[in-house]
Amino acid sequence: MSKQRIYEYAKELNLKSKEIIDELKSMNIEVSNHMQALEDDQIKALDKKFKKEQKNDNKQSTQNNHQKSNNQNQNKGQQKDNKKNQQQNNKGNKGNKKNNRNNKKNNKNNKPQNQPAAPKEIPSKVTYQEGITVGEFADKLNVESSEIIKKLFLLGIVANINQSLNQETIELIADDYGVEVEEEVVINEEDLSIYFEDEKDDPEAIERPAVVTIMGHVDHGKTTLLDSIRHTKVTAGEAGGITQHIGAYQIENDGKKITFLDTPGHAAFTTMRARGAQVTDITILVVAADDGVMPQTIEAINHAKEAEVPIIVAVNKIDKPTSNPDRVMQELTEYGLIPEDWGGETIFVPLSALSGDGIDDLLEMIGLVAEVQELKANPKNRAVGTVIEAELDKSRGPSASLLVQNGTLNVGDAIVVGNTYGRIRAMVNDLGQRIKTAGPSTPVEITGINDVPQAGDRFVVFSDEKQARRIGESRHEASIVQQRQESKNVSLDNLFEQMKQGEMKDLNVIIKGDVQGSVEALAASLMKIDVEGVNVRIIHTAVGAINESDVTLANASNGIIIGFNVRPDSGAKRAAEAENVDMRLHRVIYNVIEEIESAMKGLLDPEFEEQVIGQAEVRQTFKVSKVGTIAGCYVTEGKITRNAGVRIIRDGIVQYEGELDTLKRFKDDAKEVAKGYECGITIENYNDLKEGDVIEAFEMVEIKR
């Protein structure tokens, strides 16, 4: 007979697993997690503790019910007495109203006389912001500006009313008046991250649904698993078995809601998947039992570990005859995911997304992990969260799918989403139903924003639409400035991209060195670089450290700075970072020349040469209406690829040169067909194919200079 586990015992008593774990730890019993089996003596000790408490609670509830009935009878008698007292008081108040009218008339005649205003007291403590002026500081101290200016003059500082004061000067003046000063830290309201707070310490925070991300390799069954959980078919509408966008769905299991994010499993969507891991509480790693660990599986593990998110492994396709779940477990141990049965802490759930076997076990494990994590949020706070996806709809305008992480989102709320803003016009849940409110961990699609945000952007709700508009516009302007800054200046890394658009191909260079001889030698060497069609323009040379004026010149001329045995000063460093100017520091002349030359070669228009990659012989032809002539071919040399250029050769003479229209193997489209295999080929705008023709495939390859 198998031993009872902690979570099973907790379920029996309607308690949380964490309560049982805490009690066991207080008994000095080592506990790893909620899946640990309980010994008989441990169960007896827990029974004494928890079953006694439940009996006492039942007794107290019956006593409280008796007390409530007695109190209700007493309250009825008291209410009758109170009504009589209220009637008597109302009669007395009528007489008082007449006296009040007479008093008001007398007060009108007694007008106050003009008296000189009493001098304001100097406060004991004053707060100030960075850059406060003499006039502003005088107002805070309740003194004349001239008095502050006089004190500054005695300290040897000549200042006027609009002069900014530094911290040291402010403290000197404050000491003279015996006032304590404190610098006020100004919070940048445009930084949306400041509105995201940890809700674990909030006394009003309540339990929220877990946000679960399903990750894994392409075609391992992520969307089919979601399909089984939601009982709806979404796989059929997807192209090539790859999820097109991150979708968010919410389901209910055992009275508790769970929110699922479906991230794309293809390697091209790595960034989007990483964003999904940042908002999730639990990761479901789907691994096919017949395929094992694949490249995207490893990427998903790394994303989850970086985000410090617990992983539950769903071993899918166990109903296939070639499935081998033990192999999957063995392979995952190399990445630190060790099953509980093998002494580890990772939960493995074998299942079949197609048949639905094991789905209930997976949902139960999600619930247990979420319970241990104690996920909380405060619905009373301002709504904040993350953009899951966004698009521009022809009929509705910009729309965004949001995940509410804290607070409650309402229709009509003023909102800032990334660099966009607006007022929520409509809100739709994952079932397509219009809703008015959305609490924590709820996915919704909204309309009413002025532009399309980026997936992964954060959103914050503000009480005032003007404030939301101001912050949104300010963030938008800041992003434009940043984009211009990033794309404006040339660097050796983006030299080819910057220069290839114009006909004139120049590289402006500023050289700074430790001695004049080095500067002249380096300038002469750079001028000797012989790359066709590219000019090196040395616009400034000098001896000494790189300074701020060098950076200003480089920024104005869209050039780069080369420092030979010299370093930039602090002002130049700050300016270079602000203006995004490329500075290259070297100690060997050869390294400078090599780096510049390799960057300049990218400026030239690339040269290509033709490379034959394969040949196919036409064995049979088929004429099909609306398609044209289909050639049944046999690949005799190399390979035929879908994107290759082709020549039709008949009796050694080239009949036609063009491109492939279709390449098929049996009835399926093929990317390439290798030597020794048959395929079907159609040529774009050419139907005069005959048996015995040779189709030669070629590619254009760039020549390295």
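Glycine too: its Cβ is placed from the backbone N, Cα and C atoms.
Small disclaimer: the values here were computed from a predicted structure and weren't measured.
Taking Swiss-Prot as the reference, the stretch among 296-299, 316-319, 432-435 described by the feature region 'G4' is residues 316-319. For the ranges 198-201, 254-257, 262-265, 482-485, the feature annotated in Swiss-Prot as region 'G3' maps to 262-265.
Among the residue ranges 16-20, 166-170, 241-245, 566-570, the one that Swiss-Prot annotates as region 'G2' is 241-245. Neighbour density for LYS222 (GTP binding site): within 10 A of its CB lie 29 other CB atoms from the protein chains shown.
By neighbour count, meaning other C-beta atoms within 10 Å, the densest spot among the binding-site residues GLY216, ASP219 is GLY216.
Neighbour density for ILE318 (GTP binding site): within 10 A of its CB lie 19 other CB atoms from the protein chains shown.
Looking at the region 'G3' (262-265) alone, the prediction's average pLDDT is 52. Look at GLY216 (GTP binding site): DSSP puts it in a strand. Reduced to three states, the DSSP call for ILE318 (GTP binding site) is coil.
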